[in-house]
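Q: Let me begin by handing over the structure; questions about it come next.
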């Protein structure tokens, strides 16, 4: 059996502290190793790793028993990124970063790019610059003993922000590039699995509030998925799409099968989310080899939950990892790096080279002249000592002779000697009275200090009660750009849920008064 799994982990360095299986760990690398062991999948595809190559550490990238492959964002740090961890028993024979082929090194790549003439080079470079796709190609063996090729496409598709229409266009172009590459691999004879965060809820059953969303069916992302996916019951013909949603193949009518929830609103508590994570297999592969498709909502640590599938095939590991494997990166290969690796040789024309050489010779001559001038003007030790001798350290502690001597101190009689002696009883009473007076003064001083700080720092006002449950609210801050940016408001503290559920958040809202 071959078990593949996908998970949007929302940051691989977190280090997934909410995972239920183990106690939180302070070491991200140890957490990732434990998680891989607990998930127990042959191939684990992670999305939204939020690491770039300069912050990737060896313990995080190289896990014992696995070989890993990373795709990084080229433009922003702490953004996007995908990674694939393969057990040594499922070592791929090829691996490649990106969908366009522009990031390929032509050594151990997957290949099969299809016709991409509709894209410009700048557009392809931009689509692959955010580290959203990673391909690994494996050799598998069926129960009949036939060996076949299986290509896994680990994707983290872009999110379409309503306030940024250009991101919707970017998302749809990424979808188009993904489909071209997947269909080209199918045409070349390889089986294909697309798994990851597609950032689109395909059908109304995959979204908690599809009924109240305007033009749900008309969303461009859902239309693209309609053209990519076919139902298992479709007969072979001209309208059969190449891929099948494996989860809906096994659970066609399962409601509430969500994989993503809002962490801010606590929507996971009431299962108020959407299904954005998929395992899509080509039609022949799903029908012939898929034994199960599942999700793991009990696994915490991210705003997504893992999804996966089980195939009735065995993996044939490659003898050597492809060059994209992180263990072959120079910083992890165990060889000392030289500073010349980080320098770029610039080509200079002869004129610039001669002028630079002439300038360097002039600089050297000037430096020699400056050294000679400084050497000639520097005083010699004998000359310096004749003008003013060096003082001894003890000379600073000898009394000066030109200072006037202090007059002798006259000893005056003590005050106690001038007073009449007290009896023992009077001394005890005096001490008691003095102690009571000091305690009263300290108490008065403490009360004055307390009342002062209470007048200055009034403390937080009590939270207002929400209208639906008469429970204390929570304060939130507006982060959306606009006239109310930075303002505070109160809302119901309960988790978000269906409007018909009385235990979910009510619609109470109140602006906070400025202090």
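Every residue gets a Cβ built from N, Cα and C, even glycine.
Unlike curated entries, TrEMBL annotations are predicted automatically.
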Q: With the ranges 362-408, 409-455, 456-502 to choose from, which does TrEMBL describe as region 'Disordered'?
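A: Spelled out, TrEMBL records region 'Disordered' over residues 362-408, not the other listed ranges.
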Q: What's the CA-CA gap between residue 197 (active site, proton donor/acceptor) and residue 8 (Mg(2+) binding site) in angstrom, rounded?
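A: Rounded to the nearest whole number, the Cα-Cα distance is 7 Å.
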Q: Hey, for the Mg(2+) site built from 8, 48, 197, 199, 303, 304, who else sits with CB inside 8 A of the CB center?
A: 10, 47, 156, 260, 276, 277, 302
Q: If you count the other Cβ atoms within 10 Å of each Cβ, which of the recorded positions 197, 303 comes out on top?
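A: That would be 197, with the most Cβ atoms nearby.
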